[in-house]
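As structure tokens, the structure follows; a few thoughts come after it.
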Amino acid sequence: MAGNFDLNQPLMGAGLESPADEEGVHVSFSQLIAEQIGESPDGFELQQLQRALNDEDRDYVGELGSAFEYPGRGLNDMEGEDDDGGETDPQDGLPWSSATLKILSSMPSRTIGRSRGAILSQYYNKTLQLRRRGQSRSSLRDFSRSSRPTIRGYGMEVDTTDGPESEMKKKKERLVNNLQNLSVGERLKMLRGMPVSVAEKKELRRLTLQKDKPPPSSSKIPCCSQLKFYIIIAARHSWYSWLSFLHSLQPWQFLFKRIGGRFGTGVLSYFQFLKTLLLFNVFLFLVTFAFLVLPQAMHPTELPVGVRTFSGLELISGAGLFTDTVMYYGYYSNSTLQKSCAREHNASASTDHDCVSERLSYNMPLAYFFTIGMSFFITCIILVYSMSKSFGRSFRIDKSYSILAMKVFSSWDFRVIKKSSVELMSQNNCTQLREILAEVVQKKEKNGGCQALWRLMVHGLAWAICIGGTAGCVISVYFFSEYMHQDLQRTSRQTNTHPLLKEASLLALPALVSLLNLLLPSLFSLAAWMEEYHSPSVRTYVALGRNLMLKVSVLAVLCYHWLGRVAANPSDINLMCWETFVGQELYRFLIMDFIFTLLNTLFGELLWRLFSRNVLRRSRNPAFDIARNVLDLIYAQTLAWIGVLFSPLLPAVQILKLLLLFYVKVTSVMMNCQVPRRPYRVSQMTTIFITLLCFPSFLGASVCVTYTMWSIKPSSSCGPFRGLRTMFQAGKRWVQELEKNNPDLSVLARVHAYLVENPFFLFVGAGIFLIVIYFYSQVVDGQRKVIELLQEHIEEEGAHKKYLISKLQNMHESKKRIPRRLRSQDSGC
Amino acid sequence: MGATASQLDTGKLSEYEELTFLTKQEILLAYKRFDKLVPKEEKNRIDYRVRMEDILELPELKFNPFKERICKVFSTSDKKDGSLDFDDFLDFLSAFSESATLEIKSHYAFHIFDFEDDGTLGRQDLKQLVNCLTGKADKTSLTADEMKQLINNILAESDIDKDGTVNLSEFQHVISRSPDFVSSFKIVL
């Protein structure tokens, strides 16, 4: 019989007599495919099926056909409760015949992943497209006959009579040919991205490189493109070594793996966010160190008053000994620093230094102004770039919402490797699936009016509590800061107060603010506990919103206190240098925040764990509250950004703080916490955090700094901007000087005047941006419509497919019935 | 490091680096780990295939419910027994690495979830997938009604051509809209 039918054996062995005989019946594809893969490892070709369908006489499917004539024969119910144990025709519940199954199983949409031939063809077409894009006009010679469009671009040919082996070889050759003609970068990308095994890729690469050595005879490639080829290879090699070097530098790789293995990707994202912040601070520190601290340190200014002694309080209060050092604004000189060779000249050293050499001068005020401005600008660009990249990844154009499918397909976190965590995750998955299912079903139910009113009242009450708490916080900070201000005024007039006491009293305001920051989120979560939300994500967003509201209002009041009260009348509290004072305040706030976080982590979480285990008798440790911890990080970073202007070494403090915090948090999480129970959409939350870092946090800090530079008068006796009307004047003065020295640069000065001082230009720029954004949103709308149309189109095609297959099946069965009838008539006689 | 790295010279290392998404460090680490699984007498053979049972003992896979499917999918052995040689092992790590493209990950994810190996995700495949997600314990598995409802909803959401199964393109379509997939489909040695 036909060699194609190795599946004969089970049929004949079973001796199919009755339809209830299960063994020979094909109700699933796996049997079929296993057998057919055994015979032709290179996938299915259309002509094989053609032959199969043509062999009508020797078609054993006919035997089966009788079994399928009787609908609902119980062949479907082998699985018990499931009604779709096998592939059935959804219209009349008849299972497909074997021939139909064969055709269905060889459909391109089902074989694409398994059949190497199909993958090669697909990639052949991809490389062809790339080639065409690279070349302006390809000669007809390059087009092989198989590049005509077919279903899904497979390039399947029905008119060759070669066996499967040579067909595969040809495809490979064509693919290799295409690969050779691509550029090196694209070739590598294509090879890497092909979903075939490494052994296969090695073979392709070998073939590609083999033919690469001798230059093609008909090529017009000049010799310098070979040089370019080698340069590219060398550059790529060095890029890889650089990446490997960076990779080996990753200090926390092992820790990240442990945390991810135990807690999953959600908790890991907090630590990755911490690492990102650390990198921002390292960048800021390097810039300020190189351009501000180092030059000033090399040219120390004279100290105004007598020597102060070191007392331990400096580390927390930032005042005392630290006041007149490079740490604060007040130390920086307002003149051009020059290397004075009189002091440093060494008799034995031969130097050619000119005593009044212009080249070695360093304009400090200008450097200060531009360093701060540039670092903010670069940070802004980096933030906006990462925010938009993150947003682009999580934003989807089409509105259709497939939460369940997405959840089922992408919720298994492969990173988790610890057994107990895996079990917990499975439990969580079950709960979450149930919740989402209930959510989906519940959308169809309508709520009773009374229930809705009650829920509204509860929500209103919770919001009232939260807003009341926030307002109470803000008012208390406002009045307390006013009280401290007056207290300072009083003590500054007296001369017999102990300086240490004075410094210690300055710590009161930061301590209060940190305490409020610690306690109020717990109040918010208590209020949220009594509310019930439809979906867990709404709950997370509401909690995030409330915490954000608290932190933004507290920061706003503090900024008013510093810039509105202290900076406006510095003589009230006997301050020579208000910028140094504000810098010290920010230092104090950072340190206090750090101390309170440490105490909370070390003691609070430990105590809460003991409490919940022993008193509340819960079987699980408390969950790590990712949102709250990330907001704390963002708050601290905002303080650091506001403070860079007043204290250039503040990023260094922040770096040390973040490093310590990292290790403390890791230890605490390992000891006290658990995989979070609530579903946590990692990439959405990461997008939100980066957005929060950019918008309220960085924007607020830069508005604060810009306001300070633009409108507030700097102190007249200290700092690089003394004597100017505003800090901004430094830049303007420089431009005016340039203009004076070089009349040709007056154009620059005029441009500068127009751009920066004339608001009209800003309005026009903003208007153009808005128009561009509007155009893009219209494009997105149009794409959405196209996606809807395409989905309808695919549904129609699916309906066509079903129609054709059922017609095929009917045709096949009607053909079987005629000879069987003849045969039974023969046997009957 | 010298003894093991001698079998993996720089030429091969850069070849592997070009063909997979792994960095040199990761390939060397993979080689070290793979070498541990090879018994002493076979260490000289280049293309030795480690049995599936030994691969399943790796701590990264031990408690993963998809471990057998992973071995079967990445194995290129003729006997279809799930054994992996070093190339297959690198293939597996590359697909699960940080820099692998969404296309590669979704392609392999589809085949891992295709328990019946028929090229699409039918109802049985989806049922087994959900069972793997929710674990084997009784109290964490869904009831039959819930399962049916769930599978109906999944098919309604993702089966665009309405043939009752989710094929590769439909799967990739769903995955492309799910931003969490790339971050959760990762294994680090």
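Even glycines carry a Cβ here, placed using N, Cα and C.
These numbers come from a predicted model, not from an experiment.
Features of the protein shown, as given by TrEMBL:
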| type | residues | note |
| --- | --- | --- |
| COMPBIAS | A:78-90 | compositional bias 'Acidic residues' |
| DOMAIN | A:577-683 | domain 'TMC' |
| REGION | A:1-22 | region 'Disordered' |
| REGION | A:66-95 | region 'Disordered' |
| REGION | A:131-169 | region 'Disordered' |
| TRANSMEM | A:267-294 | transmembrane segment |
| TRANSMEM | A:366-386 | transmembrane segment |
| TRANSMEM | A:461-480 | transmembrane segment |
| TRANSMEM | A:507-529 | transmembrane segment |
| TRANSMEM | A:541-563 | transmembrane segment |
| TRANSMEM | A:586-608 | transmembrane segment |
| TRANSMEM | A:629-649 | transmembrane segment |
| TRANSMEM | A:655-675 | transmembrane segment |
| TRANSMEM | A:687-710 | transmembrane segment |
| TRANSMEM | A:760-777 | transmembrane segment |
(request) Count the residues of the domain 'TMC' (A:577-683) that DSSP assigns to helix (H, G, I), to strand (E, B) and to coil, and report the three numbers in that order. (result) 81 helix, 2 strand, 24 coil
(message) Could you check whether the transmembrane segment (A:586-608) and the transmembrane segment (A:655-675) come into contact, where contact means at least 3 Cβ pairs under 8 Å with the two residues of each pair 6 or more apart in sequence?
(response) yes
(request) Output the single range from A:366-386, A:461-480, A:541-563, A:760-777 maximising the number of Cβ pairs under 8 Å to the transmembrane segment (A:687-710). (result) A:366-386
(request) Could you pull out which residues elsewhere in the chain have a CB under 8 Å from any CB of the transmembrane segment (A:366-386), counting only those six or more residues past its ends? (result) 280, 283-284, 287-288, 291-292, 295, 332, 641, 644-645, 690, 693-694, 698, 702, 705, 709, 720-721, 727-728, 730-731, 734
(message) Mean pLDDT across the domain 'TMC' (A:577-683), rounded to an integer, is what?
(response) 85
(request) Could you give the residue numbers and ranges of same-chain residues that sit at least 6 residues beyond the transmembrane segment (A:629-649) on either side and whose C-beta is under 8 angstroms from one of its C-beta atoms? (result) 270, 273-274, 277, 280-281, 284-285, 288-289, 292-293, 326-329, 372, 375-376, 379, 517, 544, 547-548, 551, 555, 559, 579-580, 582-584, 586-587, 589-590, 593-594, 597, 657, 665, 689, 692-693, 696-698, 700-702, 704-705, 708-709
(request) Mind pulling out the one from A:267-294, A:461-480, A:541-563, A:760-777 with the most Cβ pairs under 8 angstroms to the transmembrane segment (A:655-675)? (result) A:267-294
(request) Go through the chain and flag residues at least 6 beyond the ends of the transmembrane segment (A:760-777) whose CB is under 8 A from any CB in it; none is fine as an answer. (result) 754
